[in-house]
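*Asks:* Have a look at this one.
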Amino acid sequence: MALIQVSGLTKSYGPKQVLRGIDLAVDEGEIVGILGPNGSGKTTAVECIGGLRTPDAGQIAVAGHDPRGAGAELRELLGMQLQQCRLPARIKVGEALALYSSFYTDPRPNEELLERFDLADQRGTRFVNLSGGQQQRLSVALALIGRPRVAFLDELTTGLDPSARRDIWSYLELLRNDGVTMILVTHFMEEAQYLCDRVVILSEGRIIAEGAPDEVAGSGGSQEISFDASTDIPLTELQELPAVTDVSVARGRVIVHGGEEAPQQVIAAMTQRGIPTQRLRITTPTLDDAFLSLTQHNHHEPEAPEEQ
Amino acid sequence: MTTTTVGPTPGNSLLQGRQWHAYRAHLLNETRLHAREPAALIFGAILPVTAIIVMCVFPAAREPVASMGGVSVITAYTPVLILFSSSILGLTIIPGTLGTYRESGVLRRLRTTPTSPLSLLTALITIISGFALLVAGFIMGIPAVSGAGIPTHLGWFALAATSSTVCFVAMGALIASVVSNAKAAPGIGNAIAVVMWAASGMWFPRAGFPDWLRTVADLTPGGATAQLMLDASTTGSVEWQPFMVLLVWTLGSTALATRLFRWE
């Protein structure tokens, strides 16, 4: 029985249908990423699963609790960090941690969180005087202070510089080792690929792809093999290899596109002919490519004229 | 397994224990935050305190005057000033604070934690009541210190002032819970304060109300307060009905505030 079970999640805001029947199951200890373009319903989905919004239809269970009308018991085991949440302007970092600490039965010590999130020097700084990245880190720390079993994190590292981002990733990996189950909403593909066991791509309120990051990535793009061009390269023969879809030459490079088997087939063919492949490069498709191709295929006519 | 074991005792009583910790933490936190931004509090206090100081400066204000029903200006106005400060502080501060929190997403953040609205509301009611009582204390204390006397039957008077203050603050908490707009909420509080003043006889003496209006007015906190303070200042025999009115409004407001609390 999955720890988080969602079926048929549907939600509209007035005439606009934001979620059109989402099914999701997350097992204990899994990290699932929810990706999608703006407006695809990712944040609404997570808010519904966390009990902050009431869906129009659907069954939701988080660790056996229905999040609608969730009591303190669910809140003890579910930590949420959402985008438009703020703290009072004049509260200091240390004070915010102390306040939130008091809500939970077994909170993490403030010192540990200040260290981990690199906020030790900001203990006495007011929230309004923190940088965007610091506010973000404090927000994540507050979501995790109660040692939740499940964490929902929305746009976790948006606006952070690469080193701050890496720090948060390594903290999340520690949590994963502790067995915390997580749902991450992100549009940062590298983050999904790095942290998630499974990703789900949402577009216009529906799940259009689901699976391990590599699987989903592979479904959307092709392998690209390139090497220096020379006159003795058998272009037509390469074209005819089973896994190859197209061959082209540009700016002194031969570029071959194909499926999973293409790189091996190309190299085998070249080796067989005794032709060296100079400056060989193989690019595997990323989640970015998959995301773009999947969401473009799913996208219908634009509803509004393009902005200038 | 659908429930996590959180301690040696069954889940519920331990979680109720947390509400006490949460209340204390909110109490400390909200006191600090209000102290860092005291403008609204000072505004509600400065007018009545200044008025009483000015009155104490004029010796004539201490003399009984026929038009005031045989009491001095100070004696007649002390209840009015207390009513003014308690109602303004009570009915506008918490609506303003919670309205701002709601609009900026602070409440939404709190909603993801095990804390209940009751612990936050009770903490705010405690703090603002405390401050309003402090102001009422000044309004009674300044004449006492300057030799203009204390209200006769001080005990009943103080009890009346305390009950009505807590009542107004609780009503403010109810407004704060149900009115989500940060600007509308204190505005509504102000409007209700004016109605309370009318019921207390500030614009038109209560003695001049037709019977039906008098009954209605006495069922409001404004009217009940006026009745209690008048009795405490003159005859010293207070009735239980106005206290009951205040109690019902206080408890009812707090209960509804918790039930109807809007996080967004």
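Even glycines carry a Cβ here, placed using N, Cα and C.
Grabbed the feature section from TrEMBL, which reads as follows:
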- B:76-257: domain 'ABC-2 type transporter transmembrane' (DOMAIN)
- B:39-61: transmembrane segment (TRANSMEM)
- B:73-98: transmembrane segment (TRANSMEM)
- B:118-142: transmembrane segment (TRANSMEM)
- B:154-175: transmembrane segment (TRANSMEM)
- B:187-204: transmembrane segment (TRANSMEM)
- B:240-261: transmembrane segment (TRANSMEM)
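How about a rundown of where these features are and what they're close to?
*Replies:* Away from its own ends, the transmembrane segment (B:39-61) comes close to residues 72-74, 77-78, 81-82, 84-85, 88-89, 92-93, 96, 131, 135, 138-139, 142-143, 146, 148 of its chain (Cβ-Cβ under 8 Å, at least six residues beyond either end).
Through the fold, the transmembrane segment (B:73-98) approaches residues 30, 34, 40-41, 44-45, 47-49, 51-52, 55-56, 60-62, 65, 107, 121, 124-125, 128-129, 131-132, 135-136, 139-140, 143, 148-149, 151, 161, 164-165, 167-173, 175-177, 179, 182, 185-186, 188-190, 192-193, 196-197, 200, 202, 222, 225-226, 229-230, 233 of its own chain, all at least 6 residues removed from its boundaries and within a Cβ separation under 8 Å.
Cβ atoms under 8 Å from those of the transmembrane segment (B:118-142) belong to residues 19, 22-23, 26-27, 30-31, 34, 41, 44-45, 48-49, 52-53, 56, 78, 81-82, 85-86, 89-90, 93-94, 97-98, 110, 150-151, 157-158, 161-162, 165-166, 168-170, 172-173, 176-177, 254, 257-258, 261 of the same chain, restricted to positions at least 6 beyond its ends.
Through the fold, the transmembrane segment (B:154-175) approaches residues 82-83, 86-87, 89-95, 121, 124-125, 128-129, 132-133, 136, 140, 185, 188-189, 192-193, 196, 221, 224-225, 228-229, 231-233, 236, 238, 242-243, 246-247, 249-251, 253-254, 256-257, 260 of its own chain, all at least 6 residues removed from its boundaries and within a Cβ separation under 8 Å.
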*Asks:* Using a Cβ cut-off of under 8 Å, list the residues of the same chain at least 6 residues beyond the transmembrane segment (B:240-261) that approach it.
*Replies:* 116-118, 121-122, 125, 159-160, 163-164, 166-167, 170-171, 173-174, 176-178, 218-221, 223-225, 227-228
